Amino acid sequence: MGKIALQLKATLENVTNLRPVGEDFRWYLKMKCGNCGEISEKWQYIRLMDSVALKGGRGSASMVQKCKLCARENSIDILSSTIKAYNAEDNEKFKTIVEFECRGLEPVDFQPQAGFAADGVESGTVFSDINLQEKDWTDYDEKAQESVGIFEVTHQFVKC
């Protein structure tokens, strides 16, 4: 199946460097089995800190699971070197923020939640634990004395 990139698009107001924080950041995804096409009903998360051994000593992945329909063992791995921030200059454009190595599992939907951080453009103030589940976030930058926000968060998956 190969590599699949998650691209984010958002409107940033007075913030930049929107990024996932830490190896325990949870990427909430819905997955499709590459063998039978079954799509998971529930959101599943994968984290950089999780590593599961593949059968037959073929390395490891962030998630290994057996398809409920066809019983095939599939895996997906977060490629840590591909994690990128979404910056002010990326405003309202799709930008790859992470890539996944997919072996039988294909991400088909993404739900941003808590664990993001961003910096004030003028002040450098760090806004931590940003939750994007509602696709919008607002706050106030005391140092710069201006409102800050992230709006209209959307995503797409593209094959690399």
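Note that Cβ sites are derived from N, Cα and C of the backbone, with glycine treated the same way.
As given in Swiss-Prot:
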BINDING   CYS33, CYS36, CYS67, CYS70  Zn(2+) binding site
MOD_RES   SER75  phosphoserine
For the Zn(2+) site built from CYS33, CYS36, CYS67, CYS70, further residues of that chain with CB within 8 A of the site's CB center: GLY34, ASN35, GLY37, GLU38, LYS68, LEU69, ALA71, ARG72, ASN74
List of residues, in chain order, with Cβ under 8 A from that of CYS70 (Zn(2+) binding site) and at least 6 apart: CYS33, ASN35, CYS36, GLU38
Rounded Cα-Cα span from SER75 (phosphoserine) to CYS67 (Zn(2+) binding site), Å: 10
Same-chain residues at least 6 apart in sequence whose Cβ lies under 8 Å from SER75 (phosphoserine): VAL52, LEU54, ALA61, SER62, MET63, VAL64, GLN65, CYS102, ARG103, GLY104, LEU105
Candidate with sparsest Cβ neighbourhood (10 Å radius) among CYS33, CYS36, the listed binding-site residues: CYS36
